[in-house]
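Structure first, then comments.
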């Protein structure tokens, strides 16, 4: 039998349960013994209320996954809005309502959207740490409501149509930055350990779903001969934004945020209700509570207060920050911005110019996006993260080279076969890109960071994301217009560098809890804790 240890005092919470564990309790002893683990086996072998059943038979998991769906809705709205302007560019009525903006004007419009997000990111990170994660989602939904109202009024007076639409993009951009920063964090901090990888991988699948919905709505409204062709898809953003504004008031706060604020009883109540299905002595719940308390307490003891400077304070933190920067660059500097944001110009490049054809192809591209994201979600629970990143990126580089060849052949030789192949490659490119983008780009950079730096690192990610997006939004349109297919060569070189950096920087995180992943970057300390775990296992097996 496992040896007993002194009683571990867990807090009494407001629901009336006494979560104090008795020193002779076998469940508490098992939780404390398992808490010494710093590898994937530390929690996976612990008895839990989810064992032997599907989550939909577990009341706590049903509730928790509903809360998760709220964040999925926020990311779906992000995908809808992010692809709205690209789709509207194929509609003549939109161009007329905005007084026929030039490519430079459209680039500026996109840049304003991302600049607003860039300026909002540090504020969002501060609010997430100071006042709680939920406030960021609440603010994002309110800004989306305001931005949508402004957007649909554009074009009433043709002289002010472009200006009003730009203002609406600024308002929406500032709001979405809040949900982008906190959404991946809250998902990781809410999730049951057995569901964390899958839930994290599904976050950006909802971006793909949002882009799919808006693409096919625009395809349907493209046959309308008036301003409702673009106003209907714009106006529909109100529905999810209003839903989020209401529902976010009924979801719980992050247990790790509660723990960091000294609200241990509430953190424990969350774990008991949603990870233990109401069982206060669930061994996994005890393990999680002790692990959170130990990790966050250690960060506070070391003075890791969440300062932005802490991102660069130690060699370990600099490596973690480099990983965040790398993942962000892979998401935004891989050519995906060209394919997703300027597909109409790419289709013009290969001779496909009718609005119906362009919006129909855009709808088809979103199907490829969803298929890639679904495959990524399937693979992420079965394939090592690092291997998935490396293999996906090698495949993407190959497709990017094919982009260069087919575009060059069409432009210089007017090859219809090359043009058709280029369009087919658009589908393949987005399918491959969204395998890691859908499953890892919004989860890996969150899970490698310790609690005290999670909001700041996501803030840094958002600043970088928006800065690169400003570049993409303003430069890509002009570059495609001036140097045509040669612009793909720039991204091919960047992607090769990214591949090398993934090999050098990224570590495997599959199967670990958030606190265990933190130990992976502790060097000798991590090895010592893993060795201690193996000794404890051997002793426990001998005792039994």
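Glycine too: its Cβ is placed from the backbone N, Cα and C atoms.
Not measured: the values here are computed from a predicted model.
As stated in TrEMBL, the feature transmembrane segment covers range 423-444 out of the listed 291-312, 423-444, 445-466. Of all ranges given (76-97, 230-251, 252-273), TrEMBL attaches the label transmembrane segment to 230-251. As annotated in TrEMBL, transmembrane segment covers the listed stretch 207-224 rather than the other ranges in 189-206, 207-224. The range from 468-486, 487-505, 506-524 that TrEMBL describes as transmembrane segment is residues 487-505. Only residues 6 or more beyond the boundaries of the transmembrane segment (487-505), in the same chain, are considered here, and those with a CB under 8 A from a CB of the stretch are 319, 322-323, 326, 329-330, 333-335, 338, 386, 389-390, 393-394, 396-397, 400-401, 403-404, 407, 476, 479-480.
Among 108-128, 135-156, 162-187, 207-224, 230-251, 207-224 has the largest number of CB pairs under 8 A with the transmembrane segment (363-381).
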